[in-house]
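Visitor: Pasting in a structure now, in structure tokens, and then I'll have a few things to ask.
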Amino acid sequence: MALKLLKSYSVLAVTRDENYETALHMLARKPNSMTAQALELILCLWEKVKTRPDAEVGDCPVGSYPDLIHQLDEHNLTIFHIAISHRHAGIFKLIYEMGFDKELLANYEDDENNNMLHLAGKYPKPPPASIVPGAALEMQRELLMFEEVEMIMQPSWRDRQNSEGYTPKEQFTMTQEDLQKRGEKWMKSTAKSCMLVATLIATVVFAAAFSIPGGNNQQIGRPIYLDKTLFKVFAASDAIALSSSSVSILVFLSILTSRYEEEDFRMSLPLKLMFGLLTLFISVITMTIAFSSAFFLFYPSSERLNWITMSTAVLVFVPVTLYVGLQYSLLRDIIYSTFCSRNQFKPKYFPV
């Protein structure tokens with residue numbers, strides 16, 4: 001309804017209530033799940049504000065007002081403390097872009113003696129809308145947020161206790177325990193499923209290596225199709241499939257036997273899962289290539305291009321394409337979460 005009204009009456013974007021606040025003021029204080037409609041409303045508000053005359057916009061909150069960052073709410077929290085509590089990385093990113101003493105702001109405490117690092121270590125309730133698949137990657141993002149806030153804290157404040165007697169690190173360990181267990185369960189479940197596929201591939205390609213297409217010459221024991229290009233393709237792809245599937249099995253096995261400490265979720269476990277998925281993809285693709293090359297070896301050159309053989313070759317790649325397509329999004333998210341997540345917390349010009 002708000003979105004419909006805004007599109008019909010653009011003046012509502014800069015209309016103020018009895019407290020002299022606009023819709024953007026009110027949205028800034030509300031925990032937002034960033035659904036499609038909520039995001040559309042925010043973008044629409046901003047576009048409408050830009051079209052209004054300067055006199056109407058006045059001191060609308062979308063400008064740069066450094067003094068506002070020192071304003072405290074009823075719990076003695078600034079806007080950046082609230083952004084960290086609700087995991088709004090975009091707002092937290094402004095800390096590096098505005099000209100003020102970041103270290104001074106980071107040392108503010110709320111009415112329970114929680115500083116900014118305590119808030120980064122406390123898992124938000126209700127949980128934020130997850131933008132990554134799986135609890136393990138969510139745990140990784142929590143660690144990233146905690147590390148980024150820790151970088152702007154003065155060393156003497158990193159181990160300060162709140163009113164309950166917890167340091168920020170103790171707060172993190174205590175409140176993230178459930179997420180850590182869910183991350184371990186998700187990681188093991190994913191590793192087991194992928195390990196099963198890798199084991200099946202290794203079994204198939206290992207058997208194929210000793211039952212080569214066309215058989216061997218009985219007199220000299222030499223493969224009959226040894227000099228043919230398709231046989232060489234078969235041999236190379238079968239060897240790659242066996243090697244990559246074996247590596248994939250070992251990687252997933254190492255995931256299952258990991259300690260699952262907090263720091264393991266930062267780089268170790270995501271890297272292992274990423275490498276395991278990559279080698280599994282390679283084994284699936286090369287296994288299919290090995291099958292196709294062996295399949296064409298049994299047909300004379302004149303029959304390889306008829307509709308039966310070509311249809312069979314195409315159908316073989318359908319499940320492969322489907323599997324890779326379904327798992328690609330997971331691999332992409334792991335790569336992004338591991339190597340690009342820090343960009344959400346700081347501007348491009350800020351040194352890593």
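Cβ coordinates are placed from backbone N, Cα and C, and glycine is handled just like the others.
Since this is a predicted model, take the numbers as computed values, not measurements.
Pasting the feature list from TrEMBL:
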DOMAIN    184-296  domain 'PGG'
TRANSMEM  194-213  transmembrane segment
TRANSMEM  233-256  transmembrane segment
TRANSMEM  277-299  transmembrane segment
TRANSMEM  305-326  transmembrane segment
Visitor: Cβ under 8 Å to the transmembrane segment (233-256), counting only same-chain residues 6 or more beyond its ends: which ones?
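Guide: Residues 187-188, 191-192, 194-195, 198-199, 201-202, 205-206, 208-209, 212-213, 269, 272-273, 275-276, 279-280, 282-283, 286-287, 289-290, 293-294, 297.
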Visitor: Using a Cβ cut-off of under 8 Å, list the residues of the same chain at least 6 residues beyond the transmembrane segment (194-213) that approach it.
Guide: 223, 225, 231, 234-235, 238-239, 241-242, 245-246, 248-249, 252-253, 256, 276-277, 279-280, 283-284, 287, 290, 294, 297-298
Visitor: What is the number of residues in the domain 'PGG' (184-296) that are helix, strand and coil, as DSSP sees it?
Guide: 87 helix, 2 strand, 24 coil
Visitor: In this predicted model, what is the average pLDDT of the domain 'PGG' (184-296)?
Guide: 89
